[in-house]
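As recorded in Swiss-Prot:
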- ASP157: active site, charge relay system (ACT_SITE)
- HIS188: active site, charge relay system (ACT_SITE)
- SER343: active site, charge relay system (ACT_SITE)
- 377-391: compositional bias 'Polar residues' (COMPBIAS)
- 35-115: domain 'Inhibitor I9' (DOMAIN)
- 125-397: domain 'Peptidase S8' (DOMAIN)
- 1-19: signal peptide (SIGNAL)
Amino acid sequence: MVSMKFLSTVFAAITAANAAEILSVPNTQDVIPDSYIVVMKDEVATSDLEAHVTWVRNHHHSGHVRRNGTLTGLKTTFDISGFRGYLGAFDHDTLDEILADDKVKFVEPNRIMRIQGTQTQRGAPWGLARLSSSRPGGSDYVYDDRAGEGVIIYGVDTGIDVNHPDFEGRATWGINTIDQDNTDGNGHGTHTAGTFAGARFGVAKKATIVGVKVLDAQGSGSNSAIMEGISWSVDHARKNNALGRAVMNLSLGGSFSQAVNDAAERAVRAGVFLAVAAGNDNQDASNYSPASAPNVCTVGATDRMDVRATFSNFGSVLDIFAPGVDVESTMPGGGTQMMSGTSMAAPHIAGLGAYLMSTENLQPSQVCDRIKQLASNSVRNPGNGSTSKLANNGIGQ
């Protein structure tokens, strides 16, 4: 796989003022190793392209023989109403020479594209069905089959049963900052993970799941343990080149904490989308953390009839509402259970964030605004100062 580090190194090595550049790509997972699309400048005539192509073939052949290489070189040319160039598989030395030619406009790594269809999950949990429906009462979840592929979701919670069959082997254990028990002794974390990325219960059915345990079996944890979990998650995403393709679900909260809010803000700034529960006290969420952090996506809960749940916090810091009453999802040991809370609403948004990153190639900083754009103004009795926006994945029925 061609790494972005190599691509940037090659570009840095080209010092000529008129040298072409290798364009960066948003998802290096799809890059075909050593395969490139070379685009010529607009003013390059067909005859100049032919001369350049001949030179490339000869240069590649002589150098490749000398280096005992196996790459095929130039494969095909294209000319689409004056948009000219070629496709080939080249080693680094040949690519350097191509980039230095002033006839070349840019080079782009060749990548895989796939059919883009939608899937329909019949008899889906009501919360999922509501995400793809224009009105309450539906039973089908319609979604784009990219479904969070290539995105990591960090479940910062009570831990996750990574062996639950609904996770299909996509879940791994990350870190435990609260105790010595590397299991989900509460069930809350496994439930939220099922909602954001389970195969049956989840929004982003192809996302990678990482369990970050910051709460104990009673569902409690210190601010410092939570901050350590946030810090570890950002560092893990950075080490795995996932910043910009990472989501954090924080179905937790407490009274206002500047330190916790600042930790959440730094995670957003680093390149992680944060979905945060608004809280369950029927109070103004501006007094809660991390719900009141300015750039997280704060989530209130609704019931099956699009009414704000009686327990859901409210207020101007809420960005969006999502289903949060009687939500069925995964539980430790392989089973399922019903839970209610803004903790159940937030993972719908974490999953939707990952989903939109994969389908629309959004940056984390764009995700919450995009979710609000796609939402319907459907929430009844949203609470004083609250939005009435209810999450939708944009497919609609």
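We count from 1, first residue shown onward.
Including glycine, each Cβ sits where the backbone N, Cα and C put it.
Taking Cβ pairs closer than 8 Å, the compositional bias 'Polar residues' (377-391) reaches residues 130-131, 136, 284, 300, 302, 305-308, 312-316, 318-322, 348-349, 352, 371 in its own chain, all 6 or more past its ends.
Spatially close to HIS188 (active site, charge relay system) yet at least six residues away along the chain are ASP157, THR158, LEU215, GLY219, SER251, MET339, SER343, judged by Cβ distances under 8 angstroms. Helix, strand and coil content of the compositional bias 'Polar residues' (377-391), in residues and according to DSSP, is 0 helix, 4 strand, 11 coil. For the domain 'Inhibitor I9' (35-115), the DSSP counts in helix, strand and coil order read 31 helix, 29 strand, 21 coil. When Cβ atoms from all protein chains are considered, those within 10 Å of SER343 (active site, charge relay system) total 28, not counting its own. DSSP classifies HIS188 (active site, charge relay system) as helix under the three-state reduction.
Around ASP157 (active site, charge relay system), taking its Cβ as the centre, 29 other Cβ atoms fall within 10 Å, counting all chains.
Mapped onto three states, the DSSP output places SER343 (active site, charge relay system) in helix.
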